[in-house]
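A quick write-up on the structure given underneath.
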């Protein structure tokens, strides 16, 4: 009896059809399998309509006046109601779908066309429904995304703001520099902002919701192709979406890649055994992944090489896996170069001294290996079932690939801990989501196989048809209840991040919870002042530690927020040293406006056109304050901010500088810049 992902082991003669299920497999487990053409069409349709559904839902919610999530239970109740409604709709239609198979196991299944269409529509769009219910509804009364402008969200918002202003490859912060961070997700978000007439900071929320919805919906036809079962594909897509919304919703460009990793693992077996269709799918995934988030790409790529080595040495003992691995490598690199080539060219040909501290981060969760199968939760139980399944079904090639890839992710996590001896890390804690997704996916496949053949093995004698129907319905109800219990808790799991979205002051100078905003409420006035002085944001460089100002408005920063987010071409440490030198010397050797201006002009980089300080424009004795960030890894926290004071006297010449007090800020702009 074939199992959830069984395929006959291909011989050389049959290798080109390695992705095709056998006839017995189709009868037992793959009644809904699609051909290649219909699969491509289904993927495109699911992604398009999933994105449209999420966009329309966001537009409707954006025009409502729901109370803030942080101050009312109304939004929470609506989120739960929406989540349960989506899962119940999927559950009812799935039950009818499976009962149809029980009624006609031998003669072929016939269903009303309207119900087939409705089942496909609901199944394909259900991940988008979960995203809307658990993210869009809780965030409907704020224009910020999860975590507001806290820490990493500041630079992500700045990147979106930059990409809204330009369609070219450009660094989020430094002027006249290409981007180091993968640009694809942010570039597409910028185009959406242009389409909707939104600012970069405003598009973060809808684009995150839409992209997560698209990724979740695409998984349904992908897994339908891999498993041949619409119910199983829908279950995997929903579990993947829910786990992602709990573990990594604040980083959507990484989350959408993580969601596809289990599928590409199963796809890899077909690719290495000769399927060019699966090879093409793997190429596209790895190429897109490298354009979205390189960490996951690196972990998956190394695991792919390991799997190819295992296949070549122990299973096939011929060259097809190596050939397909080479094609996958060159093909995915070609796609990745669309976004990476400009940076690589500038790095190879430019005079800049490259420096990067992006990996200088080791939080507590990075010091422990993830063991999700021991967690006392619904997903913990599912991961435990998945772990058992990976061990018991290791002889199956698809499951073997999943197991080897999972081991590879664990090794990455361990290697990250060891890398601390070299003064860096591999950010292994971010791989946790890949491990959980692999095990939870295996858990769904295990439950599908138990439903299909487990009862028959426990009771070899034939069971009455009515009994098998009841068993199917009972399993479906239990799974549905467990899923609803887990999914309805997603907003609560993200409560702190949602609260920040309501508490942080947005780009309009307001807080969504209607409390008094902080000093960021003066940012719009600063922007108006600078524009009135003739400064075009995209041509202006500002020296400031007011990172949120650069997140909301497309001015360039003289230096990045911290070295961890800085472009390696930006020479962060040298710029920081120069800022300290300017500040210190403004009290001694360059204490006149003319000498200070000359020192700025001697900068090896585009000098600051504007300074935004904290202080008082008149009567300041201690000077005007800004901060310089310093990497102090391996300490945690890994950043130290040092106050730096500039002498107001160096800006006292009205022919050279315009000084304006705006709220708590002193805004100094160069005349004749």
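Note that Cβ sites are derived from N, Cα and C of the backbone, with glycine treated the same way.
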Of 404-427, 500-523, 524-547, the range TrEMBL labels transmembrane segment: 404-427
Which listed span TrEMBL calls transmembrane segment, if the choices are 233-254, 299-320, 563-584, 585-606: 299-320
Interface check, the transmembrane segment (471-487) with the transmembrane segment (299-320), three or more C-beta pairs under 8 A: no
Feature contact check the transmembrane segment (299-320) with the transmembrane segment (276-293), CB under 8 Å, 3 or more pairs: yes
Surrounding residues of the transmembrane segment (204-223) on its own chain - C-beta under 8 Å, 6+ positions past either end: 34, 39, 42-43, 45-47, 49-51, 53-55, 58, 62, 123-128, 130-132, 135-136, 139, 142-146, 153, 156-157, 160, 185, 188-189, 192-193, 196, 198, 230, 232-234, 236-238, 240-241, 244-245, 249, 252-253, 255-256, 259-260, 263, 501
Chain residues in Cβ proximity to the transmembrane segment (73-98) (below 8 Å; excluding those fewer than six residues from its ends, i.e. six or more beyond): 66-67, 111, 115, 118-119, 122-123, 126, 129-130, 132-134, 137-138, 140-141, 230-231, 234, 238, 472-473, 476-477, 480, 483-484, 487-488, 490-492
Leading contact stretch, 40-61, 118-139, 299-320, 404-427 vs the transmembrane segment (433-450) - CB distance under 8 Å: 404-427
